[in-house]
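Working notes, structure below.
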Amino acid sequence: MTAPALLSVRGVVKRFPGVTALGGVDFDVRAGEVHCLLGQNGAGKSTLIKVLSGAHRPDEGEIRWRGEVVSFSGPTAAMRSGVAAIYQELDLVAGLSVADNVFLGHELSTAGFTHRSEARRRTRALLDRLGHPDISPDRDVGRLSVAHQQIVSMARALSLDGQLLIMDEPSAVLDPDEVRVLFGIIRELTAQGVAVVYISHRLAEIREIGDRVTVLKDGRTVATGLDAREVRTPELIGMMTGRVLENVFPQRKPVDPAAPEVLCVRGLTDGDRFAEVDLTVHAGEVVGLAGLVGSGRSEILETIYGARKSAGGTVEVDGRRLRRGSVGAAVRAGMGLCPEERKSQGLLLDQAVYRNITVSSLSAFASFGFLDDRAERDRARGLTEALDVRPAGVERVVRGLSGGNQQKVVLARWLLRECRVLLLDEPTRGVDVGARSEIYELVRELADSGVAVVIVSSEVEEVLGLADRVLVVREGRVVHEGPADEIDESRVLDLVMEGHAA
Amino acid sequence: MSEDTAAAVAKEKAPAVKESGLSALLGSAAGRNTGLVVALVLLCLGGVVTAGDRFADVDNLLTILRLAAVIGVVSVGMTFVITGGGIDLSVGAIVALSSVWATTLATQGLANDIHWIVIVLTALLVGGACGLVNGVLIAYGKVVAFIATLASLAAARGLAEIISNRKTQIVNVPGFTAFFDASVLGVPVLVVIFAVVAAGGWVLLNRTTFGRRTFAVGGNPEAARLAGIDVRRHTVMLYSLLGLCCGLAAVMLIARTTTGSATHGGLYELDAIAAVVIGGTLLTGGRGTIAGTVFGVLIFTTLSNVFTLNNLSISAQAVAKGAIIVVAVLLQQRLARRSGA
Amino acid sequence: MSEDTAAAVAKEKAPAVKESGLSALLGSAAGRNTGLVVALVLLCLGGVVTAGDRFADVDNLLTILRLAAVIGVVSVGMTFVITGGGIDLSVGAIVALSSVWATTLATQGLANDIHWIVIVLTALLVGGACGLVNGVLIAYGKVVAFIATLASLAAARGLAEIISNRKTQIVNVPGFTAFFDASVLGVPVLVVIFAVVAAGGWVLLNRTTFGRRTFAVGGNPEAARLAGIDVRRHTVMLYSLLGLCCGLAAVMLIARTTTGSATHGGLYELDAIAAVVIGGTLLTGGRGTIAGTVFGVLIFTTLSNVFTLNNLSISAQAVAKGAIIVVAVLLQQRLARRSGA
Amino acid sequence: GNTPQDTGGGNQGGGVRVANDEPGEKVVIGFSAPAADHGWMAAITNAAKAEAGKYSDVELRVVEGTNDVNLQISQVETFINDKVDAIVLLPFDGAALTPVALKAMKAGITVINVDREFDSPFAARSTVLGDNYGMGVSAGTYVCEKLNGKSDAVVAEIAGIDSLPLTQDRSKGFADALSGCGLKVSNRVAAEFTVESGERAAANLLQAAPKIDAIWNHDDDQGVGVAAAVKNSGRGEFFMVGGAGSANVMREIQADNGPHKATVIYPSTQGADGIRLARLAVQNKSLGDLVEVEVPRQVQLYAPVVTKDNVDRYLPTAFES
Ligand SMILES: Nc1ncnc2c1ncn2[C@@H]1O[C@H](COP(=O)(O)OP(=O)(O)OP(=O)(O)O)[C@@H](O)[C@H]1O
Ligand SMILES: Nc1ncnc2c1ncn2[C@@H]1O[C@H](COP(=O)(O)OP(=O)(O)OP(=O)(O)O)[C@@H](O)[C@H]1O
Ligand SMILES: O[C@@H]1[C@H](O)[C@H](O)CO[C@H]1O
Ligand SMILES: [Mg+2]
Ligand SMILES: [Mg+2]
């Protein structure tokens, strides 16, 4: 490929108060290619995206678009030039319909009056193209699952008809099936000459869809223009993290068959999304729930945790039955939940990292209700160091952290509490390769110390690699249960999709 | 592409209009506002039972509507600001200042010399300008809306007092009074104005890009910015719009009372916000309904009408009002939940 | 693990306390509130320049503090509710109702027979109960705080009027008056109470689990819930706390005026919310500062005092007040931004 | 000059020139009143200012009008700190301001209480009062006369701010006078002394009572709104009596083209009287036409009924609301 660069970036610098997010980024994007951006959590990928799409103004550096130096005055200017972006933080407006969100800012209108049916029709077409005839253009976006919101974001980006499409971790919330559809569309677009900048922490995806790779580390380009199919994995990881990682999934210890049942769920039903779920987790065991997006796994976890009221069934921890619909009771009994949507369900975005970590363990730091602030910070510091949260500093406000680092903060909260039962819903979503193996490591250590772990993940590989036992959930029912080493990825996918028009 | 669109639009316009016609509008509004409708109906039933014909009389219903009109216009404007994530405490003061400015001897002189429309234009201009100042302070000065408009409240009332020398200014412009005292097919002009503003507000909020963007700015300003919306400019427009509504309300109040006064519009901020919020608009922004606001206004005005018809003591009225508000809201919630909205 | 923690806590307690001592407290409070401090200092300078010794006189400063005390206590309570994501419009009405209930003939009779503390307890009880009702309506009834407390406002004022038969009730309990009229080392008891409430509020908000949970509940209620906090119970506690503050404020107002009255506490809701918000507490919840609130209250009361000393025209005062509020906020923002906070 | 300067305000304070007007020692007077949220209250302050302006030996300090008793108390405290010679105080709530007035008196400051009465005789050197009960009686008596024995007459009342004791006094006087001729109030609403509230209350009242013979409205500023509502309703079967005595209403009475046929005066010149009394008391002068050596303890103003026949006499001192 010797086509001239569609976009060329030189020496871009972006600073935030106290942090230099980008310290000199160079890379080129050619028409018709899929250019992948790789880097650890906090490396600056999302910031770069925002600079390119006009959402941030760079402090230094030069951006050339079709050979001319440009300085986008805002997102509108970028969109007009043909740059469309899907942001990591799913910036949609709850309360507006799907169609309204798709055309927000570039509404179809005459003299200010919107053409609603036309917008609906086009949205319908875009959603169909994305393999989602099930999403209604009239639905309130706030009521959609994250996965479906991601689809809407993609529809929105497609509706802009851009020459450059930037996607910041689009696959994080999608299941394999949907990723396949997404890749189909990317291929379609690149064939028409559209350039795609693609961000993902999943190296397999990069190999499958990418043409060239640029690696960022601490806000700088460490390598650019690498061939996505040729470059070797250890080399990539080395460039991203500066160290060599092997053996992503930790060694499993066989579960002691005599270990006590810590979590025991019987006939759990919510009367809507799932029914008759039985689940037993022994001390030291990791149980994985596999299933498609929307299969009801999150609801199952939330109901076990008491965050939703069940319609029937029981939940016991260490043989003691929990009150229905009471998170307090679950937490007191030693349960912890890492929710699926970290931003809306997990984090106190405007508060310090340490406060986010200790919020569920406050009484451990208090005597007569008075907190020992310093002890809190120290414990939190220990955990953030162990999880390699970057930038370091427990006083930092969580909002300023990158997506993956935010995820680690939520994890740290429950690590601190030392639960009896830990429910993890997509714990590695948006987490980089390095930190991922650290999280796997931690989960394993917790299990080995006697904690009962339930993990939901859309990455089958992760479920199989981490769990001792696997449950496959389809449309709210458990359709398979068995040891993880007796089943392989394709079998799980078959079970997951059975009866699903794939 | 835009030609495509135009064609497609042309083709689909007819059915679209049919679907979004009056009955659909009423249907959907009623659906989402079941609780409010029920509350209003119960209130009216209460009126009929306790006051009989005196309540159900056309004159009385027109009286309720006329009373609702002034605060109604302000509330429609307030719906936009709140939906857009803001709040405005200065509306009453803006009404006062506009009413005073539009009825100074100088303005009335001009009105008599030129045309009574001068009074209307002055009030709209003053109201719009106040709104503009609020908007600029909030959007560009980054002063929290609550504080910025609280400051405007103090300043506008003070200014109104200075201009009027704290006297009630009586209007002596015959054309003006005649126009606003008239009726159109039996409906008082003030009520017609309210209806037009409400309908216009509904269209603006639900059928235009301005409205869509208002939801976005209020619901998720960052997303709105990323979508290319100029959030600050939009915010200024929202407050200016509300300011215009206040100016219009001032005109209506001048017509109703035949006066301009620095004491006009007392506590309108609370009344308007209450009507908007009880109507179902979220105080945190991003969700708003004009129909709900209109119901909210009607509930409050009907309530005081029924109380007066029953000769209830003011204290008992207050207690009953508190209780009824809570019941109305609980009703609205239960019914809205049931209908899955 | 909890033993580990406990041990760690015990070990580290001493230095932690040292660091969080008075100087650190003042330092950090001043740091975060630079703009407010500057605004207050400028205001005082203005006072000294225009009124000289009449302003800088001890008696005058005590007058300012005494004025600040009543609304100050309410504002401290309001800081909790707003930080916790709520709002309370009924505070003035609760003050009125508490003041009336605590000064009925019956209560005063008991107070004369038993001890004047009966008056205090009655006011606290009534205030706390009102807060509890608000909290329950909001947390369990799921009525929007704005509407729930607006309803309480109406109901509590109405009730106060009914109980007092709209007459000002005069207090004739010598012990009560004597106690609250006294001074401690030259500082009036009312001011001492305010200081204690502010200090207690600061500790509660910044140094206890209750305070920390308040931030969490206000910052992201869903996340707080999933983190195991009983958000509804906490909400009820927040409103009850504010209710108690209102009860206490009622006691202070009774002491100051020797009366209970249904008209007491008019518009305290606006004053308190304004002080809290100008102090830097976010109206959307999740961020709150007691020190800021105290500065907010002092700014408003000093402003009134300086105006009083200067014999400014009343209307001009209002205009100036508006302008000064805006300037104070802009100042606070610029200075806060510079210090990176 | 040693004569009171004409402020050009014209109609405030008829004031005859007497020897008392000769300038004496300088008197600093603090003045505090409730918020000027309605015409009468604004007029009170305007009249006080105008009166003070007439005397070269009076320095008047007017503070922000407020309905927060706490703030008003602190204003008086500031006056005490400032060691003013006299305080003219129209308290938002008489009882609530009593302690601080007592404090002022103890500090040797001459306190003149206006309109709303303190609950201790020691809290003021002198009190200038309107006659609220008497106002009701005057209005009621006039209504009785006008209705002339019509026993089934419908009488309505539009009160002012209902939580004020003075409103209750007025209503009581009105009811007492009506019962004298066998009538009673059949419909009663309360407004807030403002034009707008008067219009609103009246609009509802007119619906509540399909047929009315007489209406008494407590306050003429709100009366402007009441008149607008009446005009709007097209009703004219009744006559109206006003209250307080604003120039606007008196002009209507004079023109005899609106519902207002009479009004009962509640002088807004009380504030001005307060200033004069304060000055005299501080300067140890006596009240001109009285034999007394001292300023009297209490002056209660008369509440006459103004009708077409005598309106010319009252119009010049009526307040422009
Ligand atoms: N608005 C902001 N304010 C302050 N710091 C910020 C802000 N946005 C990003 N940063 C900082 O900039 C750095 C880069 O963040 P960015 O979100 O670009 O990382 P990323 O590569 O996208 O990481 P991830 O893979 O976790 O999404 C981080 O250190 C982050 O803390
Ligand atoms: N096919 C669907 N039909 C209806 N609702 C759906 C569907 N798919 C997703 N949803 C919505 O998505 C939400 C999330 O679904 P759920 O939590 O059960 O998915 P999951 O199995 O946990 O998948 P994920 O891994 O994406 O969280 C549901 O509450 C539901 O509202
Ligand atoms: O405030 C009231 C009213 O204005 C009334 O009209 C006269 O008496 C005053 O005290
Ligand atoms: Mg990112
Ligand atoms: Mg899920």
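Yeah, the Cβs are placed from backbone N, Cα and C, and that goes for glycine too.
For C:34-52, C:64-83, C:89-107, C:114-137, C:143-163, C:184-205, C:236-255, C:267-300, C:312-331, the entry in TrEMBL reads transmembrane segment.
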Among C:89-107, C:114-137, C:184-205, C:267-300, the stretch with the most Cβ pairs under 8 Å to the transmembrane segment (C:64-83) is C:267-300
Contact set of the transmembrane segment (C:34-52) with the rest of its chain, CB cutoff 8 A exclusive, min separation 6+ beyond the ends, reads 278-280, 292, 295-296, 298-299, 302-303, 305-306, 309-310, 324, 327-329, 331-336, 339
Contact between the transmembrane segment (C:143-163) and the transmembrane segment (C:114-137) (at least 3 Cβ pairs under 8 Å, separation 6+): yes
Contact between the transmembrane segment (C:184-205) and the transmembrane segment (C:236-255) (at least 3 Cβ pairs under 8 Å, separation 6+): yes
Outside the transmembrane segment (C:312-331), at least 6 residues beyond either end, the same-chain residues with a Cβ under 8 Å of its Cβ set are 35-36, 38-39, 43, 274, 278, 299, 303
Looking at the transmembrane segment (C:267-300) and the transmembrane segment (C:114-137), are there 3+ C-beta pairs under 8 A, with each pair at least 6 apart in sequence? no
